[in-house]
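Colleague: Below are the structure tokens for one structure; questions will follow.
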Amino acid sequence: MMNPIEQQRVRVCINGIVQGVGFRPLVYRYALKFHLAGTVLNDSQGVTIELQGDKRQIHFFINRLKEMPPPLARIDKFEVLVIPIISEELTFRIIQSQQRNQAVVAVSTDKSSCEECNQEIMDPANRHYQYPFTNCTNCGPRYTLIQALPYDRENTSMAKFLMCEQCAESYQNPLNRRYHAQPVSCPKCGPSLTLTTNQGRFIAKKQSALDECILRLKLGQVLAIKGLGGFHLVCDATNSSAVAALRERKHRPAKPFAVMVANLDIAKQLVLGNDKEWELLSSQARPITLMKKHPTSPLLISENVAPDIDKLGLFLPYTPLHQLLLKELNRPIVATSANLSGEPIITDSRKIQKKLGKVVDAILDHDREILNACDDSVVQVIGNEIQVMRLARGYAPLSLAMKEKQISTTIAVGAQQKNTIAFGFDHNVFISPHIGDLSSIETEDYFETTLETFKRLYQLKPSVLIHDKHPDYTSTRWAKNQSTNTCQLLAVQHHYAHVLSVMAANQYTNPAVGFSFDGTGLGDDGNLWGSEAMVADTKGFSTLCQLQPFKLIGGKEAIKDPRRVLLALLFQRYSLDEIRKLNLPVIKQYSPQAIGDLHKIWESDRNCISTSSAGRLFDAVACALGLIEKNQFEGQAGMLLEAAANNTNKQAIKFTLTKHNNQWHTAHFMYDIVAAIVDQPLTPERTGQISAAFMDALADSVCLVANEHRSLPVILCGGVFQNRYFHEVCLSKLKTAGHQILWPGLVPINDGGISLGQVWHAINQ
């Protein structure tokens, strides 16, 4: 009989990413190792463990669990409470999950298939051989199939699949890596593939469906293939005719496509990268990683995959289905989100038939329902740090533990473009996966569906709603419509929220110098801002500098037409006669009469919007250089400038962006750039030199303002800082000057981070 003096019983409550990551089986193994009795269970708070035995062994257990948790876990809270001994408890058991009060446990993100599962699907002797839905505790779907917490099979879309005897045995064995892997299945009992025509007529099923899919891709067809969080549109990336067909059918003339390749060896034939980029590309999140194209790639993919830019978005297969497909196809594939432009990714084959029936030749579907849509994440490396451009599969929902703060239930509804929603409660903030541009009815519905998903998962009744100050944002209108007497409504300025998002990522509350450069956002003066230098803390901000405002001729039309932005800047410094004589590509595209008509609109202020947008300035410079006429997708001008700057030798040109009072002199700056353009013929080399000199001058201006506040850390944020050349020049100059720089980590640097910034403002009031 055990001596009660030496014995102890404790309750350990653990919160964080602790469900669906193999936590309970690891606890079970540690309990056996240290000869402890007790229980472990999932509940809506996380994982609760009760341990009983030798006090020293309990101490060893706790240290081991803290030091060596499951690889996919993240512990945010670890509380230990001594409780009365239960003398009759002699074994350690994993017991049934419990629902307790409001859920606070983080939903685990979807994970790419692990090496063990990948080996099994290639092993003819294994029962999971060639099974495209193989998974275990260490990999597979999580967020995309969850209906409720705690994360148990009956709360997922796998509930309808009854396990066969062998799967049930592995599911119930704590020493098996499939113990309580909720999506566990095999060819006998799990989901299966079906190939249909673009109108839903049956073609083949199971392995025959995959074989026929591969054959059709080899023949140059375009297929819709169902993944973890939605469908991809897929074609052979080496087949220029197939890529052209996809572009024509999808009405996507220039926007780059992502390419999926089988492994790192193939990736290294297509792109150049550093250690950090290869690490990201092969990480379990499996994001689309933007990398520099290989200048002499031995593996030829179509030039039409990512035309006119020097980067390529690559990702590796993240499900067994993709592994099997790429192994047999033996060539890279275009894999782009299946949606209409401006709409969310499609998760249901009936919608593929309805919306994309004329785009695809066939549909590879399966019967594991996607409950929560989730697009592919997009990242790049800047300054040897990850920069997230789209927060989605593998990273989202993103959970942040606010250890020092007890948060009232708060919902922040983000921006209009690249929308995400942030939810704050208890000591946690969760950021939803990427939702998108809220201008379409379909995306607005997806926005509301995502809201309801998180409110259901966490039983949320918000006491605070936060929105952008722009009254016409869909998210703003939604928040105002939801406001009640018991719910406080807060508005946060767009560019200030950008800066706040980086503060939140660092749990920083003191003053910082923020540079918030983007395409558009409503300023406090009613104009469109987009080049804000500010001193900010969690209480508010004061403007240090911005670009001298200029007009958008035709209002929002100018956002898609950089020629109008350029002409508006030229009108500030040149007469009409002088403009007509300028040797610029844009002047040749308009008749003298058309230029005169646009000048009249500019002069009268009729249908013009004032802006200080850095994004529009990039548009104007790209247009002046003849790189672009109209933006065919967001950020195109910046990508072209970056590609030009990267492909030039050390520049012999220097510009200066002068500052007076609180404004950078945009018109003078543009005058100097135009003078350099018309001074000599525009060769590719000179185009690159001018592109680089423009961004260098803007970076110099950033550094000069930061130098006026040397005691404060610096924040660089907003979509313009997705331009790798410009961002890295800024970083280099700031670091040389000795500045501390706060980095956003996994928080999107673009409008996808706005919702977190809004929450950070609210919880620090």
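Numbers here mean position along the shown chain, with the first residue as 1.
Placement of Cβ uses the backbone N, Cα and C atoms for every residue, glycine included.
Keep in mind that TrEMBL annotations are predicted by a computer and have not been checked by a curator.
According to TrEMBL, the protein carries these features:
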- 9-96: domain 'Acylphosphatase-like' (DOMAIN)
- Arg24: active site (ACT_SITE)
- Asn42: active site (ACT_SITE)
- 207-394: domain 'YrdC-like' (DOMAIN)
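Walk me through where these features lie, including what they touch and how far apart they are.
Modeller: Here the domain 'Acylphosphatase-like' (9-96) is broken down by DSSP into helix, strand and coil counts: 24 helix, 38 strand, 26 coil.
Around Arg24 (active site), the same-chain residues six or more apart in sequence whose CB sits under 8 Å from its CB are Val40, Leu41, Asn42, Val47, Ile94, Pro174, Tyr179, His180, listed in sequence order.
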Colleague: Would you count the other CB atoms within 10 A of the CB of Asn42 (active site), including those on all shown protein chains?
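Modeller: Result for Asn42 (active site): 25 neighbouring Cβ atoms inside 10 Å.
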